[in-house]
Amino acid sequence: MLPPALNIPKWLEANSHLLQPPVNNYCVYHPSSPATSGYTVMIVGGPNARTDYHINSTPEFFYQYRGSMLLRTVDRSVSPPAFQDIPIHEGSLFLLPANTPHCPVRFADTVGVVMEVPRAPDATDTMLWFCPNSACKQVVWEKRFVCTDLGTQVKEVVEEFSADLAKRTCAACGTVAESRYKEGELTQPPRFPPE
């Protein structure tokens, strides 16, 4: 028998305490479940001010349930890489193409749903940090791994980067990259898109 549909408001009422930093997500449909056919569906809350970019070998589907978020992306097919911020407003959908470096920035009192399609068993995910010096923007550090548990593995990589000054120091210009955005460094997009 199939499970009932997930009621997001009721789920949040009972489980919002599960959306804790640094990842702020909870996997409501896990890829190991026979019912999901390998799909991952997460509810993600804010705030989440991590500065890392994630590369997933498959597309990711974003639905912004409450409030607005900022999806920071990088096009590495051009030189220098092109950085683009994509606001995802309340009630909006966005499909991120596979292999696109992205940094989902979530603000306080926001909730979104992210769905990831099944990865190949040997597919590697990448987490990377770019130099915050606007004249440089080189990759400061990156780590590749086979993703078996997004919530725990992402947290471990973020903590590894945060704890090591050498990993956070840009080899090209010497600027130190932080693992979190500073308060007020980014502006939250409006809740709804401008008319």
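Keep in mind that glycine also has a Cβ here, set from the backbone N, Cα and C atoms.
If you look up Swiss-Prot, you'll see Arg50 marked as O2 binding site, on the strength of sequence analysis. Under the heading Fe cation binding site, Swiss-Prot lists His54, Glu60, His102. Under the heading substrate binding site, Swiss-Prot lists Glu60, Arg106, Glu116. Swiss-Prot lists Cys131, Cys136, Cys170, Cys173 with the feature divalent metal cation binding site, giving sequence analysis as the kind of evidence.
Note on proximity: among His54, Glu60, Arg106, Glu116, the binding-site residues of the record, the Cα nearest Cys136 (divalent metal cation binding site) is that of His54. Secondary structure from DSSP puts Cys173 (divalent metal cation binding site) in coil. What surrounds the divalent metal cation site, by Cβ distance within 8 Å of the Cβ centroid and not counting Cys131, Cys136, Cys170, Cys173, is the set Pro132, Asn133, Ala135, Lys137, Gln138, Val140, Ala171, Ala172, Gly174, Thr175 from the same chain. Annotation for His102 (Fe cation binding site): spatial neighbours Tyr53, His54, Ile55, Glu60, Leu71, Arg72, Thr73, Val74, Leu96, criterion Cβ-Cβ under 8 Å with sequence separation of six or more. With Cys173 (divalent metal cation binding site) as the anchor, the candidate binding-site residues are Arg50, Arg106, Glu116, and the one with the nearest CA is Arg50. Apart from the site residues His54, Glu60, His102, the chain places the Cβ of Tyr53, Ile55, Asn56, Leu71, Leu96, Thr100, Pro101, Cys103, Pro104 no farther than 8 Å from the centroid of the site's Cβ atoms, the recorded Fe cation location. For Glu60 (Fe cation binding site), other Cβ atoms within 10 Å of its Cβ number 21. When the Cα atoms are compared, Cys131 (divalent metal cation binding site) and the residue listed as 'O2 binding site' turn out to be 14 Å apart. Within 10 Å of its Cβ, the residue among the binding-site residues Cys131, Cys136, Cys170 with the fewest other Cβ atoms is Cys136. Long-range Cβ proximity for the residue listed as 'O2 binding site', meaning a same-chain Cβ under 8 A and a gap of 6 or more residues, is found for Pro22, Cys103, Val105, Val158, Ser179, Arg180, Tyr181. Figure note: comparing Cβ neighbours within 10 Å for the binding-site residues His54, Arg106, the maximum is reached by Arg106.
Residues near Glu116 (substrate binding site) in space but far in sequence (CB under 8 A, at least 6 apart, same chain), listed by position: Pro31, Tyr39, Thr40, Val41, Met42, Asn56, Thr58, Glu60, Phe61, Leu150. Over all protein chains present, the Cβ of Cys173 (divalent metal cation binding site) has 13 other Cβ atoms lying within 10 Å.
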